[in-house]
Amino acid sequence: MTDIWQSAMDHAVALARKAGQVVRDAVGDAQKEAVMVKSSSIDLVTQTDQKVEKLIIQSVKEKFPTHCFIGEESVAAGEVCVLTDSPTWIIDPIDGTTNFVHTFPFVAISIGFSVNKQVEFGVVYSCLQDQMYTARRGKGAFCNGRPLRVSHEKDIRQAIIATEFGSNRDPGVVDKVFSSLKRVVSIPVHGVRGAGSAAINMCLVASGCVEAYYEIGIHVWDIAAGSLIVSEAGGVLMDVDGGLLDLMSRRVLAANNQSVAEHLAKEIDAFRVRRDDAAS
Ligand code: LIP
């Protein structure tokens, strides 16, 4: 890894802090903001999402003019979503937009950076909690400078599992989500939680607060940064069917260790969704 990635990471941390201030300033007024919808009536976006994404992309373009971008709101506006070998910033300006709109206090700015389709650094700033999660490939994961380590728990029956209901309420999808949830609850696990932000759920795995997180229907910008934070904290990542994680497949399972991950994968109905990089 060359020094240029460290300077890019320093820039990402500074931008996440700046973006976090914009989100904090807006959160009190979030309920007054015009709330727009994207793929469904519960897939929300606000002007603050768009403003923060512009702020991040403009600044990166000035400093790293040759780099590429995948940004949640740019893709919603029609940009292509293809992960190439080029240095690529993968940005979710507000991960947890529904939380933001409702002032539920888990809202993150998520910035992943990949080269040759491999995430080199990840920054997740949980801005209402002022928690800056960072990881750089091969150099560990941290929260506000403190090293992170996943839970040591090996028995899934002693675990807390994080998951979400997502933003697809088609009856067939809801049935599959609930039948998986029923099997997971019935293992039985100690509990099931959801922060409302994929990025924060992954940071909770990295911090050892929950043993695992899974979801179908997320996007590459929700999980790129968090995936490195989990692996650098000693965790494992896989597809919900137990195969290899594919960042563009919109399916993720992150866990503290292989045995918890494999047990969980056996309980999940791993239905397919349209890939992020499917030709439109
Ligand atoms: C959210 C994810 C969450 C998922 C929501 C949504 P957004 O991202 O973090 O895990 O359940 O449906 O995709 O839209 O707030 O960036």
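Cβ from N, Cα, C; glycine included.
Database features (TrEMBL):
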BINDING   GLU72, ASP92, ILE94, ASP95, ASP222  Mg(2+) binding site
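In the three-state DSSP reading, ASP222 (Mg(2+) binding site) counts as helix. ILE94 (Mg(2+) binding site) falls within a strand segment according to DSSP.
DSSP assigns GLU72 (Mg(2+) binding site) to a helical segment in the three-state reduction.
Under a cutoff of 8 A between CB atoms, and with a sequence separation of 6+ in the same chain, the neighbours of GLU72 (Mg(2+) binding site) are ASP49, GLU53, ILE91, ASP92, PRO93, HIS219, TRP221. Taking the binding-site residues ASP92, ASP95, ASP222 in turn, the residue surrounded by the fewest other Cβ atoms inside 10 Å of its Cβ turns out to be ASP222.
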